[in-house]
Number of protein chains: 2
Amino acid sequence: MYEKLKQQVLPQLIVPGSRVLMAVSGGPDSMALAHILWRYVKEMKEQKITLVITHVHHGVREESDDEEKMVKSMARDWEIPCLIHRFDSKEYAKSVGKSFQTAAREWRYACWKEDMRKENCTLLATAHHLGDQAETVLYRLLRGSGTAGLAGIYPQKGELIRPLLSVTKEDILEYCRNENLPYALDCSNEEPIYARNKIRLQLLPELQREYNPKIVETLGRTAEVLRWDEEYLEEGVRAAWKKFAIFSTEHRVGLRGTIFDLPKAMLSRLIRRAATLVSGEPRGIAFHYVEQVMASQGQVGWSQDLPGLKIEIDYQGVWFQRADWGQYINESAGILSPSLPIDANWGEWIPWRDREGQNWQVGLFSLENEADDEDYPGQCVDKVFFDGQGLIRNGDKLQWRYRRDGDSLWIAGLGHKSLKKVFQDAKVPANQRQEIPLLALENEILWIPGVKRGDRYPLRQGGGAVGVLVKR
Amino acid sequence: MYEKLKQQVLPQLIVPGSRVLMAVSGGPDSMALAHILWRYVKEMKEQKITLVITHVHHGVREESDDEEKMVKSMARDWEIPCLIHRFDSKEYAKSVGKSFQTAAREWRYACWKEDMRKENCTLLATAHHLGDQAETVLYRLLRGSGTAGLAGIYPQKGELIRPLLSVTKEDILEYCRNENLPYALDCSNEEPIYARNKIRLQLLPELQREYNPKIVETLGRTAEVLRWDEEYLEEGVRAAWKKFAIFSTEHRVGLRGTIFDLPKAMLSRLIRRAATLVSGEPRGIAFHYVEQVMASQGQVGWSQDLPGLKIEIDYQGVWFQRADWGQYINESAGILSPSLPIDANWGEWIPWRDREGQNWQVGLFSLENEADDEDYPGQCVDKVFFDGQGLIRNGDKLQWRYRRDGDSLWIAGLGHKSLKKVFQDAKVPANQRQEIPLLALENEILWIPGVKRGDRYPLRQGGGAVGVLVKR
């Protein structure tokens, strides 16, 4: 198992120079993961990969103290920095309106993200294996899912990697035995009360016994090929969005009426994406609502109230807007409202009107879709290039917003320069400064369209992004 | 249920003027199907739809005689022509090397196809319902499948329609009760010995009880959205095939080496499609072989023997050829061999060399991909247009082949004209006539590229196809 991971999997997931945060609970999966990465780093010294361990003490079970000790001792022996967190689970479950499992998972991921920042890690590795994959595929199938859901867990998504995703639980246990690795067993995983546990402990063994002895591998393969399909479909959706979105903020989205001529795979995804953006619900709207919109066949005058949003079709297109959209309209400031930042989704135009009533659009595109002057003859006012990969890796929300106190632009060789100073140097009148949209990563301004860009995330070989400002 | 089918489903599946062959076993599903279509035809007289019933007497069970009587009596009461076939199942199962279920199914479909021709039917309706769909999705998931398989049964595929695919078994039984329809129960369906029966009788009820009371509807919906995705992906494959196939016969396929730069969803499908064409195995090659080819990353010099075919990569591209390819090579006649017709797959070029050593290509494309003179400046020698929908509906294999005795061309207002006469009128020298590829539908020649086309399947409003002959 180790040799296969070393040859085929790890080089794909971990680039030289990476600093990997490993989430280690003390169970066999994460102990094996830690050992495998530690061994890989030692054997591949020239790659200059470094490791950090993070462990969460859940405090629900008596064994938690022992687990913490075990993880700490391993980290000491292997000379890997080890961070320990204490999660007061009972307290937490009471305070938030979510299931304990969901709350705990969200808390852990937030914690790890913080660790990554503190430790300058570039990757987070978790110990999900092929059994988890099979369980996820079945869970989603039983609950109702399309290609995206059945594609299961991804081996890599942004900075998150799952090196053991192609490995069975049996292989992991055998590895632990062969390497004499200690581990703890989490008994709450063994109780078939949660749907997922029931799938793992009852359904999967039954399917293996009665239908297919290799069911875990079979489902893992299905997830893999569906992931390929989903990636292809998503690429199609991105291209279609660029072509058919006439308006896009997190409160209101407009798509051309001609989306109804598209193949159903694209039409249904565009509807879902627009509704997700506007409703703010990460899982979007229920499928039968998507079907309702599709059944309208784009007839002008059609409208429908859905939970949290309203959809209307007029001669311009199909409009998705928040149920409380009215309160975001700001006639004088145009579309981008001073109080509300807008996520800078790639490939989307953000409309914006200046004090003189001029209409503008600003957007961020990936290089292969580079919008250039030919697309907007004489109207492309400013264009800057960024290191798109770097922006993605950073992980903070990239937003369009108006100026706030304390905003600054980072200039190479100079450091942070306040926006006030930048505007003064560029001779932008004071009364206009509040009305120029800014591309921001938290308090760091990356670009003042039409005025100046900062020197963070300069374009690099490989993936790139381009910001464009055009007059309409 | 009936009203929903009448409003939303049947008008989509059955165009006015259709003549529908209904496969009626005498079970509740097909009895309900027959009643629903009979009612629909009566209520929608202006649509001029007509019906024919076909029933297979399987002769395995004692009740078979009673079922035949029941179906016949219903057909008489409703004034629908009724064809009866007798299938000597035991005899048949012995004589062919297939499972009884597979052999019986293949025999039935062959029989129905023959019925359609005799009765001039344009559609074949079977009584598959939502439960069959859920069962199929699970069966394929457990056996291992991608998007294409999990898309399940299609409500319409060519001339085959399944009007009840969105309806549950419960709804069908209720319909039979309400309409006082007699029906027979097939007891062999009740024995959980076959994998599919086990899924229907054990697994589906368990999933419904333990995980999701609406599991049948949930799986049906998953199949539907995966079908949308699969249709989109297939469209992508067709376009990619047109772009990347440099050579395509049923014995040898060549794809450009640049396929390895394509998204995995496309690359894997192109590999599978090429292997399927060449191996003649309708289900293509096993997935791990597809993975092996993908893992080659297109390295020149790579080669691999797979069951029934060999794959080689050279500087020109990736070559898939039958293990016994050698015997089909025919240097003097070029690629298209006199003894072997080649399926006229849409979007594929068939290379062919004439007596003077000139290289030609001939192909059939759908209108939206129309290859025109701009693509082949000065080289497009002949181009004709057909009614693509009509060609698909006909169902016979469309083939490229050389002339055979008895071939004729149908000319409007004149009737069948022998190929000899056509060649004489066109002044094609006798010694060349044997070497011109023909587009044929069984014995009917549709087009003699560069010479003349027949008047069958003239282009109509709606879908079209175009045949193109170019010199290389």
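Glycine residues also receive a Cβ, built from the backbone N, Cα and C atoms like all the rest.
Here TrEMBL flags B:Ser25, B:Gly26, B:Gly27, B:Pro28, B:Asp29, B:Ser30 as ATP binding site. Taken from TrEMBL, the feature domain 'Lysidine-tRNA(Ile) synthetase C-terminal' covers B:398-470.
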Margin query: Looking at the domain 'Lysidine-tRNA(Ile) synthetase C-terminal' (B:398-470) alone, can you tell me the average pLDDT?
Written below: 83
Check: So how many other Cβ atoms are close to B:Gly27 (ATP binding site), meaning within 10 Å of its Cβ?
Finding: 18
Next item on the list: Please determine which of the binding-site residues listed here (B:Gly26, B:Pro28) has the lowest count of neighbouring CB atoms within 10 Å.
Entry: B:Pro28
Notebook entry, point to check: With DSSP helix as H/G/I and strand as E/B, how many residues of the domain 'Lysidine-tRNA(Ile) synthetase C-terminal' (B:398-470) fall in helix, strand and coil?
Noted result: 11 helix, 30 strand, 32 coil
Item checked: Neighbour count (Cβ, 10 Å) for B:Ser30 (ATP binding site) -> 24
Note to self: For a quick check of packing: other C-beta atoms within 10 Å of the C-beta of B:Ser25 (ATP binding site), how many?
What the structure shows: 20
Item checked: Neighbouring C-beta atoms (10 Å sphere around the C-beta of B:Asp29 (ATP binding site)) -> 23
Next item on the list: According to DSSP, folded down to helix, strand and coil, what is B:Ser25 (ATP binding site)?
Entry: coil
